[in-house]
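Undergrad: Quick paste of what Swiss-Prot says about this protein:
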- 95, 206, 214, 216: Ca(2+) 1 binding site (BINDING)
- 177, 228, 229, 231, 301: Ca(2+) 2 binding site (BINDING)
- 69: N-linked glycosylation site (CARBOHYD)
- 238: N-linked glycosylation site (CARBOHYD)
- 318: N-linked glycosylation site (CARBOHYD)
- 1-50: signal peptide (SIGNAL)
């Protein structure tokens, strides 16, 4: 009888020992698997980026997230505002402290010191070559000049909208525009653009494809050209490629963190390409021509109302890089 009890106790102790060994083995195996998994995740995390900017897509707009627009809960504490102005403004005011003065005035409207940036440009033509929009909100002041109406309207069309652009090889291929949103945008120090429409036999309509002198000239020595031709018709192009780059672009929609303020002029510029539609005036506004001090005072007074017509972007955007990126 005692032998049976001893055997039972021995079996019980042996079972407990085996169970303990098994549990420890399972624990070691699980620890190994978990640590190995975490090691792999840590290694991959150093290689991979959370946001993918390197897929080599020709996307030049829409790489940002629109935020719900509100100026009621003091979003300026985390927002930046860029104010672009011509050099003649600072020359006229002739005050080395004018930026500090305006910064203090913007503070009274809820914009903390350091959140407003003043960006100077030489003239409309120079600004057209490389319009860089760095801030969450961008206000571009353009003084009206009757001799530069076309340059102003094209610049406004460029920066107030997002464009998807691809390179064009005009030496090898013919091109056609598919719809009203499709435009050819040229930028450079000097852009002369000529076009020759083609028939179904790829023969020139009113021009010789072998002789650029017979092409129709649509732009001469300009810095920014937005070319619109008859949709659905192939064209042979001639462009001063040594000083100009041309891209085949599609208008994606409004760039809602940009507003253009026209200073002076009887009427606000119309950047609507379609003559049958109502002129586009949203985020395109006008201030009566005054001294530049009064212009800036007006901007400060109405800055919050202007921001209400805009939407903040998730990050700043370099318009030049956006245009040229492939």
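Cβ coordinates come from backbone N, Cα and C, glycine included.
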Undergrad: Counting across all protein chains shown, how many other Cβ atoms sit within 10 Å of the Cβ of residue 216 (Ca(2+) 1 binding site)?
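TA: Here the count is 14.
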Undergrad: Rounded to the nearest Å, what's the C-alpha distance separating residue 229 (Ca(2+) 2 binding site) and residue 206 (Ca(2+) 1 binding site)? Just drop the number here, would you?
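TA: The Cα atom of residue 229 (Ca(2+) 2 binding site) is 15 Å away from the Cα atom of residue 206 (Ca(2+) 1 binding site).
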Undergrad: Identify, in sequence order, the residues in the chain of residue 238 (N-linked glycosylation site) that are 6 or more apart from it along the sequence and have a CB within less than 8 Å of its CB; answer 'none' if there are none.
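TA: Residues satisfying the criterion: 170, 193, 194, 195, 196, 212, 215.
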Undergrad: Which has the fewest other CB atoms in a 10 Å radius around its CB: 177, 214, the listed binding-site residues?
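TA: So among 177, 214, the binding-site residues given, the one with the fewest Cβ atoms within 10 Å is 214.
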Undergrad: Quick one: what's DSSP say for residue 238 (N-linked glycosylation site), helix, strand or coil?
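TA: Looking at the DSSP assignment, residue 238 (N-linked glycosylation site) belongs to a strand.
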Undergrad: 206, 228: which of these binding-site residues has the sparsest Cβ neighbourhood within 10 Å?
TA: 206
Undergrad: Pop the Cα-Cα gap between residue 231 (Ca(2+) 2 binding site) and residue 214 (Ca(2+) 1 binding site) into the table, whole Å please.
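TA: Here the two Cα atoms lie 21 Å apart.
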Undergrad: Quick one: Cα separation, residue 231 (Ca(2+) 2 binding site) versus residue 216 (Ca(2+) 1 binding site), in Å?
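TA: It is 16 Å, counting Cα to Cα.
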Undergrad: Can you tell which of the binding-site residues 177, 228, 301 lies nearest to residue 95 (Ca(2+) 1 binding site) in space, using Cα positions?
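TA: Ranked by Cα distance from residue 95 (Ca(2+) 1 binding site), first place goes to 301.
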Undergrad: Fill in the CA-CA distance, residue 206 (Ca(2+) 1 binding site) to residue 301 (Ca(2+) 2 binding site), as an integer in Å.
TA: 55
Undergrad: Please report the distance from the Cα of residue 228 (Ca(2+) 2 binding site) to the Cα of residue 216 (Ca(2+) 1 binding site), rounded to the nearest angstrom.
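TA: Cα-Cα, rounded: 13 Å.
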Undergrad: How many Å lie between the Cα of residue 301 (Ca(2+) 2 binding site) and the Cα of residue 216 (Ca(2+) 1 binding site)?
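TA: Counting only the Cα atoms, the answer is 47 Å.
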Undergrad: Let me know how many other Cβ atoms fall within 10 Å of the Cβ of residue 229 (Ca(2+) 2 binding site).
TA: 19
Undergrad: Test of understanding: give the count of other CB atoms lying within 10 angstroms of the CB of residue 95 (Ca(2+) 1 binding site).
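TA: For residue 95 (Ca(2+) 1 binding site), the count of other Cβ atoms within 10 Å is 11.
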Undergrad: Measuring Cα to Cα, how far is residue 216 (Ca(2+) 1 binding site) from residue 177 (Ca(2+) 2 binding site) in Å?
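TA: Computed Cα spacing between residue 216 (Ca(2+) 1 binding site) and residue 177 (Ca(2+) 2 binding site) is 16 Å.
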